[in-house]
Amino acid sequence: MDKINQTFVLEFLLLGLSGYLKIEVIYFALILVMYLVILIGNGVLIIASIFDSHLHTPMYFFLGNLSFLDICYTSSSVPSTLVSLISKKRNISFSGCAVQMFFGFAMGSTECFLLGMMAFDRYVAICNPLRYPIIMNKVVYVLMACVSWLSGGINSVVQTSLAMQLPFCENNVINHFTCEILAVLKLACADISLNIITMTISNMAFLVLPLLVIFFSYMFILYTILRMNSATGRRKAFSTCSAHLTVVIIFYGTIFFMYAKPKSQELPGENKLQTSDKLISLFYGVVTPMLNPIIYSLRNKDVKAAVKYLLNRKLIQ
């Protein structure tokens, strides 16, 4: 009976930056500002993609999905992080931790697939422009988005279920800002071989496979662009791809650091490395969703024109 009682955890304690009390207020202000930029920037992109008929294309449909995803992802973790920084309330219930883990993993998995779908869309648009309306019709691109969301959700259900059914004994202190799955797995007092195997398979399916699609899509795109005779056409083609490619580099750079690094770097006694992991996770969780609407709006004339049109329309009313 004592053994059973020790394996059941009612709540977790999130350490966050508890060892750096003097800079917690600064982090609170920075994260709050970035979160507001995420809500406003991505919200504007969603509204523009819905109400501006010029943006009713597959590329902007995927961009609207990406913006909605970024809002959902940050809203599942940032508010609780802000509360813990300002009020020192760092505990989170077991069920709350599971929900936070599910949304975090689901949104991350879905974004991997969405970025791959967006790369394929650019490939068809540039390499097969005459067949683009046929290949990327509404049924196809809506189905592609649905597959991304559904597969991300299923993957997260599997990973979250396997992680939260583990025994944690009396260790409920998570050395992280949120209930990030790798940080939670470190608390388990049981064999996590199954978790490692399923996460490896997940990495192959949701990290490597979309990255291969992105890589080969851009290889064909580059080949097509270099064969163009018109300098204006080459600039336009590069312009339509540069924003997406920038987002891909930022996203995959941070996510590979967290989920695809060697196990030898996961030693529990390395405090500096753990702090680095937490800051990289913060970058991935807050900075990347904040940069997405900025990158797409600054590098895209259609989005800027749509936003200006909606603002002028609102001011006239």
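Backbone N, Cα and C atoms are what each Cβ position is placed from, and that goes for glycine too.
What TrEMBL records for 25-48, 60-78, 98-118, 139-158, 204-226, 238-259, 279-298 is transmembrane segment. Positions annotated as domain 'G-protein coupled receptors family 1 profile' by TrEMBL: 41-296.
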Stretch in 25-48, 60-78, 139-158, 204-226, 279-298 most in contact with the transmembrane segment (98-118), if contact is a CB pair under 8 A: 139-158
Cβ contacts the transmembrane segment (238-259)/the transmembrane segment (279-298), at least three under 8 Å, sequence gap 6 or more: yes
Intrachain neighbours beyond the transmembrane segment (279-298), with Cβ under 8 angstroms and 6 or more residues off its ends: 31, 34-35, 37-38, 41-42, 44-45, 63, 66-67, 70-71, 73-74, 77-78, 104, 176-178, 180, 243, 246-247, 250-251, 254-255, 257-258, 304, 307
Folded-back contacts onto the transmembrane segment (25-48), same chain, C-beta under 8 angstroms, at least six residues removed: 17, 55, 63-64, 67-68, 70-71, 74, 78-79, 81-82, 85-86, 282, 286-287, 289-290, 292-294, 296-297, 303, 306-307, 310
